Amino acid sequence: MPDRTGPLLRTPAWRALEAHLAELQPLHLRELFARDPGRGERLVADGAGLHLDYSKQRVTEETVRLLAALAEARGLPERRAAMFRGEKVNVTEGRAVLHVALRAPRGERILVDGSDVVPEVHAVLDRMAAFADQVRSGAWTGFTGKRIRTVVNVGIGGSDLGPAMAYRALRAYATRDLAFRFVSNVDGTDLAEAVRDLDPAETLFLVASKTFTTLETMTNAASARSWLLAALGDPRAVARHFVAISTNEAEVRRFGIDPANMFGFWDWVGGRYSMDSAIGLSTMIAVGPEGFRELLAGFREMDEHFRDAPLERNLPALIGLLGVWNANLLGAETVAVLPYDQYLDRFPAYLQQLTMESNGKRVTASGAPVEGHGTGAIYWGEPGTNGQHSFYQLLHQGTHLVACDFIGFCRPLHALARHHDLLMANLFAQGEALAFGKTAEEARAEGTPEPLVPHRTFPGNRPSSTILADRLTPRTLGALVALYEHAVFTQGVIWDVDSFDQWGVELGKVLANRIVKELESPAEPALAHDGSTNALIRRYRARRGG
């Protein structure tokens, strides 16, 4: 039986990995390639249009075999099947986890509590498509009869990061008849700058909040409504300029939005897994229903690859297991996501929520403390080549071991071919430099003065993977996002954490609700926080002005 819920470090599969590490750790990547020149052609895997080269990871084929054995021992195949079947694998909230149903084809059956959810998914997609076509064609007009020119998505977390990332990633495919802006921060600057130069009569707001009570989103939505009504006057204008992505019809109606323009989703879709649900309405308006269907097809193709491919050739499983190897055995606590494509400039930020909110847990799914190992690596990054002139110094010569995921495309979406060759040359060069470095002898052979030799030496042996695709398309983006979704799931199974809850965000919300009343109190409030927080509140109240 799989040893899924016992302490990870006590499992025979983990101990086998530790013994293997003792043999492998003394070997530099230079030595691994010297012993096995063909590893660059063998330590690769392909799926859903993506090519993964992990030969510059500090692993061998035996490492991958042992990692796959660990996944088997922790019950990954069984947990994966349970998720696809619609079982309640989000144990702390008692919910199914079925983002895979959002991209299931018509006719497939996926049951939640005995009910097939696929027809519901496609009913929403069909309504989204009809609405998107209306906005794109100009058939949907504002209250004064003007055509919509700007779409503003108002959300936070998964209701913002996914749509904002997808729009920036797919700008090459987006209609040029519409502009798109995204508001998430409760900081009024975000909304003020988003609407600064807009004509209210030509602006459509998409308000994304499942409950329609999310503090940040509804604060921004209320201010946006005030901005609109200050210009258009008539409260009936709200129904032509606001659309809801929500399941709370009563609150939607109270806000002034026609429930006919409410697009729902389900409690089996977590926010950070929702960009291909109704939360993606802004994406569909931008790239059109056909482009959105291509996005879903890419998700689906990777879903099927994750479900069916052997673990040792399974891209999401490999990404997830290599992450466990790097974090828990090699000590690389952070992952730099380095897309060599400017269109993916928000992809690292998107992955921050997907990975860190999912697996940043200190207790197991059953509530026991995680024993003796970390969970949830820290994800960060910037597009190449910007990062090379920022933080790559630390990657190459710093004291922290950082695992890197390079992402690149063989064909650009522009006609500046030499630019792309230079870009990709840098991608390949960085992976090579991180892996092999430069020895003191090589530095001296180049004529480096002896006092500078230590400064011109690169240790190498820094692990990285490279993900290549032919071109960035909606389909490729869907596959890329699903790759990391399922990698996160894989890691959650290994660590035995619930990757689909986020209780850690709750305490700050509760305290903020208490503090805002103290900030807004006309009389001096009786503060009962710690001394630091009390002093900060008093200083703010004294200095904020009128």
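Each residue, glycine too, has its Cβ placed from N, Cα and C.
Here's what Swiss-Prot has on this protein:
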{"type": "ACT_SITE", "residues": "E357", "note": "active site, proton donor"}
{"type": "ACT_SITE", "residues": "H389", "note": "active site"}
{"type": "ACT_SITE", "residues": "K509", "note": "active site"}
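Structural mapping of features recorded in Swiss-Prot.
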residue : record                    : contacts (Cβ under 8 Å, 6+ apart)
E357    : active site, proton donor : G157, R272, Q502, G504, V505
H389    : active site               : none
K509    : active site               : L215
